[in-house]
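Annotation comment: Swiss-Prot describes 1-23 as signal peptide, evidence class sequence analysis. Taken from Swiss-Prot, the feature disulfide bond covers 27-73, 37-50, 51-96, 71-110, and the record attributes it to similarity to another entry.
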């Protein structure tokens, strides 16, 4: 239950910090869409609906600004949420059979995302 509270607070924080533009992708959308990945990334459950969330996110990230927002949010989440297996996070594109134009990692330079 404590983890759910942390995730809810993180999503709320992202929604406040990243002011939405006209139909621009928000950090709240990124974290909400990828919430099904959390049990898998923490070694507490199967992949489940994670790939569907990843594919929806990719479909929503239509512009360079959207992709940079997604990258920044993923990077922040990787740093903020305890117990994430960073190797599993980096492997999500391969497991879900999608192409993400950057590595999912706390060390990713999101300013280079196109």
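Yeah, the Cβs are placed from backbone N, Cα and C, and that goes for glycine too.
Positions of the features from Swiss-Prot, shown on the structure.
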residue : record         : DSSP class
27      : disulfide bond : helix
37      : disulfide bond : helix
50      : disulfide bond : helix
71      : disulfide bond : helix
96      : disulfide bond : coil
110     : disulfide bond : helix
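Cα-Cα distances to residue 37 (disulfide bond) place 51 within 10 Å, out of the disulfide-bonded residues 27, 51, 73, 110. Neighbour counts of Cβ atoms within 10 Å were compared for the disulfide-bonded residues 50, 51, and the top value is held by 50.
If you check the disulfide-bonded residues 27, 50, 73, 110 against residue 96 (disulfide bond), the ones with a Cα inside 10 Å of its Cα are 50. You'll find the Cα of residue 110 (disulfide bond) roughly 14 Å from the Cα of residue 27 (disulfide bond).
For residue 27 (disulfide bond), the nearest of the disulfide-bonded residues 50, 51, 71 in terms of C-alpha separation is 71. Of the listed disulfide-bonded residues 37, 73, 96, the Cβ environment within 10 Å is emptiest of other Cβ atoms at 96. Fewest Cβ neighbours within 10 Å among the disulfide-bonded residues 27, 71, 110: that distinction goes to 110.
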